[in-house]
Amino acid sequence: MRASLPVHLVVCTQLSAVWFGVAKAHGGHRLEPHVPGFLQGFTDITPAGDDVSANVTSSEPAKLDLSCVHSDNKGSRAPTIGEPVPDVSLEQCAAQCKAVDGCTHFTYNDDSKMCHVKEGKPDLYDLTGGKTASRSCDRSCFEQHVSYEGAPDVMTAMVTSQSADCQAACAADPSCEIFTYNEHDQKCTFKGRGFSAFKERGVLGVTSGPKQFCDEGGKLTQEEMEDQISGCIQLSDVGSMTADLEEPMEADSVGACMERCRCDGRCTHFTFNDNTRMCYLKGDKMQLYSSPGDRTGPKSCDSSCFSNGVSYVDDPATDVETVFEISHPIYCQVICAANPLCTVFQWYASEAKCVVKRKGFYKHRKTGVTGVTVGPREFCDFGGSIRDREEADAVGSDDGLNAEATMANSPDFHDEVECVHTGNIGSKAQTIGEVKRASSLSECRARCQAEKECSHYTYNVKSGLCYPKRGKPQFYKYLGDMTGSRTCDTSCLRRGVDYSQGPEVGKPWYSTLPTDCQVACDAEDACLVFTWDSATSRCYLIGSGFSAHRRNDVDGVVSGPYTFCDNGENLQVLEAKDTE
């Protein structure tokens, strides 16, 4: 029998931490929290007009970028903060805006030399001698040819010749997260939470940017990543009438409740009540209704595997279900995930309509269709890929959820990431040794394989740090993290073999990857074999006497030994030992 392996175990369903844009302890990570920049009030202005702000450390005065100034007699009707400042230059007025908390833009008058520091959204009008500009002309964090036009607007659109004005307007409204500026009609549109699902690349004449000014730390990619973690959760007073999967439990936060849903293979969405702190896991499509204190969200907010502008055309032969009043494509994905016949979904922005489709959809594919979003039934950070779904449907292959697609030598097998959670998934399991940088995911995996006790690893693509881990994975969300098994070798795993009715050891455990079940079994001293059920994502950890409960030709299951395949173990040898 196997040797004793002392490991501290924490099951996935007990996790409560999730990253929502706030720095938290993370297994040895050196955290660099995202903190909005600010400027203190400046104490002096040089005769030349340069800003000597409290945060300027250089001996040379700071040079202000004034490239976004409306120099064509433009003022702003927006409220002025405090009293106008007299007898200053344009440069000094720009510096004054930067020094005043809450200033989003300013108006300077060439004739009167008066400076009006403004708050709120720029409201431009013709003013003799007027020059108006955003708090910052830095556009380094804007992205060209990127559009979020399909996302719902949270503010009235604004017409301006300067894209920097769009950022000033967005910064003034707490509901705005990002803006999109169209150079052709000089119009800004403003988008709120959930915007990331509507991203389109390659749109000529369009620029998008974050609400936070670039020179104060604004990053569009950061906003996107945070939106894909929590942007689709209902803000307040929205519950779900869908039946609960189990008795509700207390949770520390809405993030902790979401994490419980992520760890349960049956869960499609959840409801958390801010007043009672109770967490309700749901296993069917959302049935939203008004409920005081409730906040409801899907298993995942990640929309990175969706495609915008693609349509499969409605067809009774492939349409399984049509649902109206669906406000976001993520909610459409939940409906698809809850329907066993669904392979992909199609969401129409103008009608708030969700159509879920079965196999055979690909032959109706069209591109360049405005206002339509499509995606796979699998949540993006759980391996969902619309491209893989399309390829499988085009050749008439089996459903991508069955066990064949999870095994080596299958057509869609990619050994680099087959056993890796790529969607901002970290592990809180104990880190082995010193945390060091790695040049790639592969190097981090090799480092894990060089450590005798390493069962899995976490690699952060942003910092390049590699964390070899021991014991059972303890998954949670963390930006940039990827977590994988020690090896992607699945040669000793067997499809269709089921030991799930054998003597279970440890607590129920869930994962979307069968290789994680092997890691969990290896970490559980009494576990000899595991069975993974693809339909529920449940890992059955089975102990001595398992061989008497073997069943063959069971659809959707994968079984394997507790030791990794590249160590030479196999089920046949273990079964022989088990019957001795």
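Note that Cβ sites are derived from N, Cα and C of the backbone, with glycine treated the same way.
Of the listed cysteines Cys214, Cys232, Cys380, Swiss-Prot assigns the disulfide bond with Cys301 to Cys232. Which of Cys166, Cys170, Cys214 pairs with Cys188 is settled by Swiss-Prot: its disulfide partner is Cys166. Of all the Cβ atoms in the protein chains shown, 29 others lie within 10 Å of the Cβ of Cys257 (disulfide bond). The local packing around Cys97 (disulfide bond), expressed as other Cβ atoms within 10 Å of its Cβ over all shown chains, amounts to 28.
Applying an 8 A CB threshold to same-chain residues 6+ apart, the list for Cys261 (disulfide bond) reads Cys267, Thr268, His269, Phe270, Leu281, Lys282, Lys299.
Of all the disulfide-bonded residues given, namely Cys93, Cys332, Cys380, Cys448, those whose Cα is no farther than the 10 Å limit from the Cα of Cys301 (disulfide bond) are Cys380. Helix, strand and coil counts from DSSP across the domain 'Apple 6' (492-565) read 15 helix, 22 strand, 37 coil.
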